[in-house]
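Peer 1: What TrEMBL records for this protein is below:
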REPEAT    89-124  repeat 'PPR'
REPEAT    191-225  repeat 'PPR'
REPEAT    261-291  repeat 'PPR'
REPEAT    292-326  repeat 'PPR'
REPEAT    393-427  repeat 'PPR'
REPEAT    496-530  repeat 'PPR'
REPEAT    531-561  repeat 'PPR'
Amino acid sequence: MTGPSLSLSKKLTHLKRVIETTTTTEQCKSLLEHCAKTKSLRTTKGVHAHTITLGLLQSHVLSLLTAAYALCGHTSYARKVFDELPERTLLSYRSMIRMYTQKGFPNIALKLFGKMLRSDKHKPDRHTFPYVIRACSDLFLLQQGVAIHGLTVISGYMWDTFVGNSLLSMYMSCGDKEGARRVFDAMQARTVVTWNTMISGYCKNDSPKEALMIYRRMEDAGVDADCATVLSLLPVCGCLKDFEIGREVHSLIEQVGFWDSLSVRNAVVDMYVKCGRMNEARLVFEKMIDRDVVTWTTMIHGFISDSDIKSALWFSQRMQLEGVKPNAVTLASLLAACASLPHLRLGKCLHGWAIRQDLQADVNVETGLIDMYAKCNCFRLGYQVFAKTSKKRTVPWNAILSGCLHNELAREAIELFKFMLSEAVKPNDATLKSVLPAFATEADFRQALSIHSYLVRSGFVTRTEVATGLVDIYSKCGNLDNGHKIFNGIPKKERDIILWSTLIAGYGMHGHGETSLSLFNEMVQSGVKPNEVTFTSVLHACGHAGLVDDGLCLFNFMLRNHSGSLRTDHYTCMVDLLGRAGRLEEAYELIKTMTFEPSHAIWGALLGACVIHENVELGELAARWLFKLEPENTGNYILLGKIYSAVGRWKDAENVRFLMNEVGLVKTPAQSVIG
């Protein structure tokens, strides 16, 4: 109708003239099809007005009007015309479903699709299915998505690439990687979008290795990567910390010419940062002509992760000097740096800056401030920040509960948790991770029953991490039976090393060494590999119960099969175990076999045993090491004095007192160097 050289205004004028002279339905249809293609709301309204004037509002014209308004994105006009249709066509249904899906109303799109199917007049086509599938994806409705997948197979559209790509995206969005893989393997034709969907889908579903395998298959198939491919692949390399593949992708980007995209350059910087290659990240950063807040924040976060706080702070200053305004994410990263140092003064400066920039109400900044003040042992200021929050979001509650735990305020954490529930804020896994240790610290059986009851009602109790917390709480309360019942309620294949270790430690804590050993053996036989914490718990249990030979047997098992797990705590347990049994020479021989320097705890265990068994020679040896490692610990001098007093060496005991005076130490009250 109009030549491509005509300007937009000329086109509209021409269309108006045509509309004014139009007298046939076919010409109206042609105009409306043109309106739909150009997505011009103004022209569509004009055509609509003239069709009313000319009395041409027939069913097919109304259907085209619906499609034109829908493609223009005007939901109210499209819906009004659609509702007035005497007979709805496939085009009208398809246009409305597409519009509602694109406008973020997937539930309405699915309702319309259901109406279309129930009318039994129209069958969905290759242009309808992708938007219905996307609606399921947006709502994470996997079962409905599977049902629609079945319809595509029955209708014969399963082999359409556009439909297949939509199914891949839906399955990945709903976390069904196997479903996506089955669709992918069945597809007869794959475009670059197909491969990209699989790569990004695996990445989002915490399967970076599978994403990398798909990329390799894509290369083998001779499919050229596009910008979306590298944007999906770079996070995979960062997640895997695979520097070599990341550098390979970086080279590809420069060869193919994707370097002009700022998002690609930012992704390259982020990949190097996550791979721990700050030098490479900085080289890319310095070569960039234009940088946005994402670029700077990525570098700052990288320096913080690399424990280079000085560079992070310098970059934040440089960023502002170059006219780039930090955002809430930048500020949250800097607050995390202050928390890790800890650096209260700098944290307060950042708090002031957040207020001046009106960022203090951002949830990331709120959480960062609460955490920073807690880690800097300034809980009061953290609570003041928390008191100003909306109280409706879970994340700030988690931060304040974690802060209570860090500052050993168990009772306050429990009261805050109760307040959180009264405010109808829904706890999540992070909430329970912060609050359950507080119940364990308080060791109040009534409180334990109360939290157990809540966890059962809310459905959290079936989770292994939560069950572990409850076992710990009941163990600290001395109610091992309840703890063991919870343990038994967890399926065997879901019992992890932390749950086993907690139950073993609970029995050991209360002197049930044989039960601890029995549980340890049961754990090993079930295929769960013990870690250093488990070994420490069992060795402690043997020590408390006096099971010397069992402890030695376990320690020798560690030497043979888990020598890499041996830590200072394990040797301390063994020295204490042998020492309590009076086998002091064996304890000393064990110390001499250590491949690393004995700690003050190990020598302290030996000295304590020497006091019990009045062994002066080894006591003096252990004390000399302790005076060297802990010169200001008065307890070591007092223990040596007790050994001398016990064997009647009063002069030596007096000398120990003089030695304390010489080094400027004052003994604590109610302790005596001479017994």
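Yeah, the Cβs are placed from backbone N, Cα and C, and that goes for glycine too.
Quick caveat, the model's predicted, so the values are computed rather than measured.
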Peer 1: Do any residues, 6 or more residues outside the repeat 'PPR' (89-124), come within under 8 Å Cβ-to-Cβ of it, and if so which ones?
Peer 2: 59-60, 62-64, 66-67, 70-71, 73, 75, 78-79, 82, 131-132, 134-136, 138-139, 141, 144, 151, 155, 157
Peer 1: List, by number or range, the same-chain residues at least 6 past the repeat 'PPR' (191-225) whose CB is under 8 A from its CB atoms?
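Peer 2: Result: 161, 164-165, 168-169, 171-173, 175, 177, 180, 184, 232-233, 235-237, 239-240, 242, 245, 252, 256.
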Peer 1: If you run through the repeat 'PPR' (531-561) with DSSP, how many residues end up as helix, strand and coil?
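Peer 2: Within the repeat 'PPR' (531-561) the tally stands at 28 helix, 0 strand, 3 coil.
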